[in-house]
Amino acid sequence: MGFQSCLGGTTLQTLKLAAIPSSSYSSSCSRLVFSLRPLSKSFTFQFLYRHNRSQTQRPPFPLLIRVLSASAVQATTPTKKSPDEKVVKPQWKAAIDFKWIRDNKDAVAVNIRNRNSNANLELVLELYEKMLSLQKEVERLRGERNVVANKMKGKLEPSERQKLIEEGKNLKEELLSLEEDLLKLTDDLQQEAQCIPNLTHPDVPIGGEDSSTIRKMVGSRREFSFPVKDHLQLGKELDLFDFDAASEVSGSKFYYLKNEAVMLEMALINWTLSQVMKSGFTPLTTPELVRSSVVEKCGFQPRGENTQVYSIEGSDQCLIGTAEIPVGGIHMDSILSESLLPLKYVAYSHCFRTEAGAAGAATRGLYRVHQFSKVEMFIICRPNESESYLEELIKIEEDLFSSMGLHYKTLDMASGDLGAPAYRKYDIEAWMPGLERFGEISSASNCTDYQSRRLGVRYRPSEPSGTTPKKGKSNLASPQFVHTLNATACAVPRMLVCLLENYQQEDGSVSIPEPLRPLMGGLEVIAPRFR
């Protein structure tokens, strides 16, 4: 299930459902803000060595070359500030190809319109031209300053030297002012350009959610010979969860799982992990608190009134809404060897979402909650392979849900329903008899290089570059940005809704799907408790 991209006390580290102040962000970019540290020309390399425990054991994670840009090193080096000087946090930057945007502005404008994005392309282009003009002026002044400095190396009359000193001082002051203007202009350009969504696959339907097309329909609705109950009624009668107590303890949209529901959750997680690992995925558990910058780099917005992100007051950390975020950051600022690709992860985590704006009968019970368990798949691959891996991910999802005996449909989601990072997204919706409708239980997205340009994840092709290297230069191929994909293998609450409602029996019991029985101690039926 995709984590939507239109995102926003006492102490126990007070968790506050409130927007982080967003004064530094452009008001025209209220929907999404993404950015990344720049890929500067000079890098500090830190080699991380990982050793095999034996000659035959493959290390669990690849040997990486960690790449920190000069600006990143600067940002972590403390400098003395005067008491009155305001400390401004450096703005990290995405590796956005502004020239490409300018050269393809018509296509970009159409894409922005098709995606219902509020990105301001005209402002981006205007700021880019201003930045280019200012860069030229800065370079001109630097050249003049160098000329003055070279003149002062020779023998000069005192009056001539003093004249050059004054000229150099004036150039320095003018240059300092222009460099500050350039820095601010660059930040403004980044903040506006980061609102531009990813490109869209040419086969994606154009329009809103209603324009999404059915790619596949599996199974059929079960016919019941008795009145159908929804999962809330079943859960109450079978003593499987308690919303009332949770609302007193934590608030609305929280819940306690009880008795067989706990066993069912554990069985779903373990079964899903074991099935996905058969396809070569490395299992992970992840941090569930991450830096807000990592949330942004993955394409989500932790600020704003309608944010889906819980932020920790007084810190730069957020609770994750999906394991996609910490897994996406695991190779942040790295150059990977091509031989290590693809990297395939399956991660188990708890997820936390504000569900801002969600209301109505369609969100009752377990269908839409603030905290839940989820198993997420994530792939890092070469650019020319991402479309095939999207097909692999959706097949894994479909196989999982078919094994559970669910009636579901796979949708090719329309352009207006795509989050900013997604190039293409498939959703899977399963039939929920108690709710009398299909409900989303999973999604799979190809984000191409949208996230990697923000996270700084690249790979170095194994083939050397075809050009003859300059003297003293390496013949290694230039690093390229990887493509990233994500997909939900199991969102536990939605699966509980499906299983309880589809497997209910006339006597009030619920049959357990056969694949899960061995993981529940051989239990076949959740039966009513008679008191």
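Each residue, glycine too, has its Cβ placed from N, Cα and C.
What TrEMBL records for 124-188 is coiled coil. Residues or ranges marked as domain 'Aminoacyl-transfer RNA synthetases class-II family profile' in TrEMBL: 230-513. Here TrEMBL flags Thr322, Arg353, Glu376, Asn486 as L-serine binding site. Residues or ranges marked as site 'Important for serine binding' by TrEMBL: Thr488.
Across the structure, Thr488 (site 'Important for serine binding') and Glu376 (L-serine binding site) are spaced 5 Å apart at their Cα atoms. Counting every protein chain shown, the number of other Cβ atoms lying within 10 Å of the Cβ of Thr488 (site 'Important for serine binding') is 28. There are 23 other Cβ atoms within 10 Å of the Cβ belonging to Arg353 (L-serine binding site).
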